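Database features, via Swiss-Prot:
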- 189, 190, 191, 192, 311, 335, 523, 584: CoA binding site (BINDING)
- 387, 388, 389, 411, 412, 413, 414, 415, 416, 500, 515, 526: ATP binding site (BINDING)
- 537, 539, 542: Mg(2+) binding site (BINDING)
- 609: N6-acetyllysine (MOD_RES)
């Protein structure tokens, strides 16, 4: 196919940290001798005790991943204390509220004071090194304070996205046996309140029935809305932090001590607790933040993600703050009060680096260019995308209309499991191709394998694996190392299997083609089909459900549900709406089904396996190439599904 290439821009060449020659040299060193390469770059963070061992990893057998394993450090020290002398009065966090008239700036000195106070509150209430703290918060500075306060005392945080339901929150509290929750009275999104404290109360009740008792709930006052109160359990954040000292010594943490758990969807029902550890993660998050975004002192950097996702962990909080950057936290949504909001914020705060998701770009593109044109955006120097592959049309619009053809676009590919960006352009080094994540970051060795596991060289399509470790890699699934091995290392022995399909072109550029397992990517957020299916089946009228993705013009993938009802029940629009509501309450708004097709039967093999390939084709309105249906127990169900499909071109 004919692909336009955009050479490195002159402006990027002139002020970049890395040119192509340096990229090629460093990359070669990083894969030929990772010990020496990372031994050097590990020094970018401060260590209380320097490491002598750099890399100790194996993808075979009882998979074990250790980096800098005898070093001692602390994440909050690296994100705050070490900057105070030179950058104490510099703005660490710019907070932009949901309401365009609400904003505030927090300096590194203020960040130190607040994080130390919150760390002392945690200690006062018995939280110790290794304890798990659940953070269920909107995008307010206190969410970042909570994360950093946990790292200061060595507690392990588990941030749960504020859009998740009480049931989803409870499941995550129970899985890591968390006994302390930090939340807020209400969140605000697009002008509407989100009942976080109420959801927390419900979740804590559900957890108690599963023998996990949350001892304390710390509540930040965001709206002043009325909330239920359990006097023995609930604490007001403002009262507690005012009553303690603004100094708290950082805990000396081993590089391999757990840092955080973040739950992500898998192809089987229960979300996995992805465990990241301290040293390697921070080295990798800070290094990728610096070089991928060409971050230089004085830049104003804005990643539009939520701290409930890994992008918020690595590229709103830890990466930028470790680099003494000014990071912008945005509470709102791209289209409130209208579709010009992002660009107004860019002008208001003179943002230089802007990192968002293709789904937001597609939706703003659909709103028209006028919303973009009424802002100047002259401060912008670099644009980035994250969360899913970006289609070339959206890339071109982002580059030409938003960036005025003067900002490189870094299309970054990575995962919750990888801790940081793995495949990406570097602004001063990489010629760009719309839709391609281009080349691997330092130390990352991609490999494409076919369905049988044979390595394919040169220009090829297949499944994307990574053949050696990098410091930001997850270490295990919390409490279930066997699941970690089975999920990521059993499909192709000795290789980390990403679950993504991939194409490599004749220039060695990588193009991510999307998930090859039963995981959906909806608006850049991963969602297991099994999770949605089990939510549907938990409704009393549903006997069976199968969920697949289909192309969606804004979200990338939409959620298409085939639902078989209990004997004697008949599907109608009222039931359709009830099922949509049911899924939202079980998982959260993110899992809202786009299409529900009532199906008397599902295409199954004689052994009872649902043929999802066929369901995908029908959902895509493409049933000319269904392939061999002779293995189905009842081939006639296919005709019925086609006749009643919901997604007609």
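Placement of Cβ uses the backbone N, Cα and C atoms for every residue, glycine included.
Shown here: features listed in Swiss-Prot, placed on the structure.
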{"residue": "189", "record": "CoA binding site", "DSSP (3 states)": "strand"}
{"residue": "311", "record": "CoA binding site", "DSSP (3 states)": "helix"}
{"residue": "335", "record": "CoA binding site", "DSSP (3 states)": "coil"}
{"residue": "387", "record": "ATP binding site", "DSSP (3 states)": "coil"}
{"residue": "414", "record": "ATP binding site", "DSSP (3 states)": "coil"}
{"residue": "537", "record": "Mg(2+) binding site", "DSSP (3 states)": "helix"}
{"residue": "584", "record": "CoA binding site", "DSSP (3 states)": "helix"}
Sparsest-packed of the listed binding-site residues (189, 192, 515, 539, 584) - C-beta count within 10 angstroms: 192
DSSP state at residue 515 (ATP binding site), helix/strand/coil: strand
By Cα-Cα distance, the member of binding-site residues 387, 412, 537 nearest residue 311 (CoA binding site): 387
Binding-site residues (335, 412), the one with most neighbouring Cβ atoms at 10 Å: 412
Site with most surrounding Cβ atoms, counting all protein chains shown within 10 Å, from the binding-site residues 311, 416, 523: 311
Fewest-neighbour residue among binding-site residues, criterion Cβ within 10 Å, set 537, 542: 537
Binding residues 387, 388, 389, 411, 412, 413, 414, 415, 416, 500, 515, 526 (ATP) - maximum C-alpha distance in whole Å: 18
Fewest-neighbour residue among binding-site residues, criterion Cβ within 10 Å, set 191, 387: 191
Cα proximity to residue 584 (CoA binding site), best match among binding-site residues 389, 414, 537, 542: 537
